[in-house]
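Novice: Below is one structure. I have some questions about it.
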Amino acid sequence: MRTPAVMIIGIVLAPCGLVLDLVSTVAPNWREVRNIPGAARDEVLQQGIWDICQAFDASNTLKCGQTDENYFKEQVINSAKGLMIASLIVTMAGIVVASLGIRCWEETPNLLLAGLGGILIFISGVLCIIPIAWYTSLLNTIKASGSDIRVGYCIVLGYIGSCFMVIGGGALIVCLFQLCFKKKEQLTNSHSNKYYHNNPRSPKSIIKTVDARDFTRPQQPTSLRRPIEVGDFTVPPVKPAPKKTVNITDFSMNKPCDADF
């Protein structure tokens, strides 16, 4: 049996979303701070939820482990840490459950497990998009040492990954609707079979097939049927000789008959 399209979409997008979610969580580039007073012109502070790195555009050097107590005390940072980790854990659990439900090694998938895995993956996408959107809304509100603040690539990857997980989870949730329709169809068939089993005289049990020839002409026993003679049509038919007619009123012959005597 071929794997349904909704299962393929879900099982492909979920791992892609997991990878993007992982990069967004670990990488220290949720925003970039430039034009820092008293610093080099090409200096850039890359701030994440776990670490802050100092980068220089001219030399392409990166130095991480920078400290900023005010930044890490922000509520959105602490909330993002917990939500992103929870999103990763729920995503992995959802992928495992969905894989057991899809089970490409079997002929028929388990729609219930696939649907439950889709619910977990959908929830993980929501858990990922909440801190991403929250951080984006407070991007310029969080205190920074520079005047030029830009969105980091982690925000972009987080949005894309969360969308992948929401779409993939939603596709797998469709399996639950398919399961409901299948159960409803089986229930309807079982009710109809039970009805006809308990009512043997129902119209379904007395329906007989009738040949259409029965309505065109009455059937005769084989013994009473006359054989049909097949004539030879290759020889032209012989015309019968014309019959001679005698006119009893004709007296031209003037021959006496026995009755005259």
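Along the chain as shown, residues are numbered 1 onward.
Positions of Cβ are set from backbone N, Cα and C atoms, glycine also.
Note that this is a predicted model, so its numbers are computed, not measured.
Pulled from TrEMBL, these are the listed features:
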TRANSMEM  7-27  transmembrane segment
TRANSMEM  82-102  transmembrane segment
TRANSMEM  111-135  transmembrane segment
TRANSMEM  155-181  transmembrane segment
Novice: Which of 7-27, 111-135, 155-181 shares the most C-beta pairs under 8 angstroms with the transmembrane segment (82-102)?
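Specialist: Result: 111-135.
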Novice: Which residues of the chain, 6 or more past the ends of the transmembrane segment (155-181), have a CB below 8 A from one of its CBs?
Specialist: 4, 6-7, 9-14, 16-21, 23-24, 27, 30-31, 87, 91, 94, 98, 101, 109, 111-112, 114-115, 117-126, 128-129, 131-132, 135-136
